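Q: If you scroll down you'll find the structure; I have some questions about it.
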């Protein structure tokens, strides 16, 4: 058994727990709504909406891996966890993080093809090909996560104390009876791949999109393309900014204390999953229209 001490220094634990609970509830509500709307409307069974559905599934998994632990610690005051539960939670958390990143890359690819070659879009990115791409991202995530879990499982543990808010790889390494420095190489490589390679790919896709937009004949077409990409831009911003802040602070020699690290982790974990369903529900015309239809029917049924 391990003990969580990441929240022990906080004076308003119940308030933080309540805020995390409300955020988690909204994530489940928003993501589940998007999934149900897309799966039940055959007109939305197109690559863009299937990618939104995939992102919603990832958001639920990513948030659940941490929120349930934090809620049980802060509201339920359950501050112990078994070893196998901890390493399972760690695996799901990092798998969700990897899949979130890869899902955003797939969505960038989708928008690039749709805007750069609109006439060939439906022939290039068919649903079967998209399913293969989504399956490939999950297989990649599971493979990478297997390496991380095997590394954590091989460590000898002598102090059953989790100094952070939930079980992740850094928390597991710091709980082990080893010099942690050699074990930071793995997360460094993963960070370069996630924040470096994937973000570079997304930025390059937007460079190509900007070039394509500038060649459009009128401002109306440019605004339409911009509105199409706005949802993805917001989602990418919310996912990568907390990670970039953490990396930049580390590179310039700023050492975060426990409270600051925990705050950054909460933002990086909960904010993207909270923003994603809201953005795609409000900014995507078809999903918004379908949601209004459902709510109108329920309101009519209640009035009758």
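Quick reminder: no glycine exception, Cβ is built from N, Cα and C everywhere.
According to TrEMBL:
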type	residues	note
DOMAIN	30-280	domain 'G-protein coupled receptors family 1 profile'
TRANSMEM	15-37	transmembrane segment
TRANSMEM	49-75	transmembrane segment
TRANSMEM	81-109	transmembrane segment
TRANSMEM	130-150	transmembrane segment
TRANSMEM	190-211	transmembrane segment
TRANSMEM	223-242	transmembrane segment
TRANSMEM	262-282	transmembrane segment
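For the listed features, I'd like the structural context: burial, neighbours, distances.
A: Outside the transmembrane segment (15-37) by six or more residues, the chain places 7, 44, 52-53, 56-57, 59-60, 63-64, 67-68, 70-71, 73-75, 266, 270, 273-274, 276-278, 280-281, 287, 290-291, 294 with a CB less than 8 A from a CB of the stretch.
A Cβ distance under 8 Å defines the sequence-distant neighbours of the transmembrane segment (81-109), meaning residues of its chain 6+ beyond its ends; these are 1-2, 4, 48, 51-52, 54-55, 58-59, 61-66, 69, 133-134, 137-138, 140-142, 144-145, 148-149, 152-153, 157, 162, 166-169, 171-172, 190, 194, 198, 201-202, 205-206, 232, 235-236, 239, 269, 272.
Using a Cβ-Cβ cut-off under 8 Å and counting only residues 6 or more beyond its ends in the same chain, the transmembrane segment (130-150) has close neighbours at 47, 50-51, 54, 87, 90-91, 94-95, 98-99, 102-103, 106, 109, 169, 186, 190.
Within its own chain, the transmembrane segment (190-211) has Cβ neighbours under 8 Å at 97-98, 101-102, 104-105, 108-109, 111-112, 115-116, 144, 148, 225, 229, 233, 236, 240, 243-244, 247, counting only residues six or more beyond its boundaries.
Residues 55, 100-101, 104, 107-108, 111, 114-115, 195, 199, 202, 206, 209, 212-213, 216, 264, 267-268, 271-272, 275-276, 279-280, 283-284 of the same chain, all 6+ positions outside the transmembrane segment (223-242), place their C-beta atoms under 8 angstroms from a C-beta of that stretch.
Residues 6-7, 20, 23-24, 26-27, 29-31, 33-34, 52, 55-56, 59-60, 62-63, 66-67, 70, 93, 100, 164-165, 168, 231, 234-235, 238-239, 242-243, 245-246, 256, 288, 291 of the same chain lie 6 or more positions beyond the ends of the transmembrane segment (262-282) yet place their CB under 8 Å from a CB of it.
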Q: For the transmembrane segment (49-75), could you work out the same-chain residues 6 or more beyond its ends whose Cβ comes under 8 Å from its Cβ atoms?
A: 4, 6-7, 13-14, 16-18, 20-21, 23-24, 27-28, 30-32, 34-35, 38-39, 81, 89, 92-93, 95-97, 99-100, 103-104, 106-107, 110, 127, 130-131, 134, 165-167, 235, 265-266, 269-270, 272-273, 276-277, 280, 284, 286-287
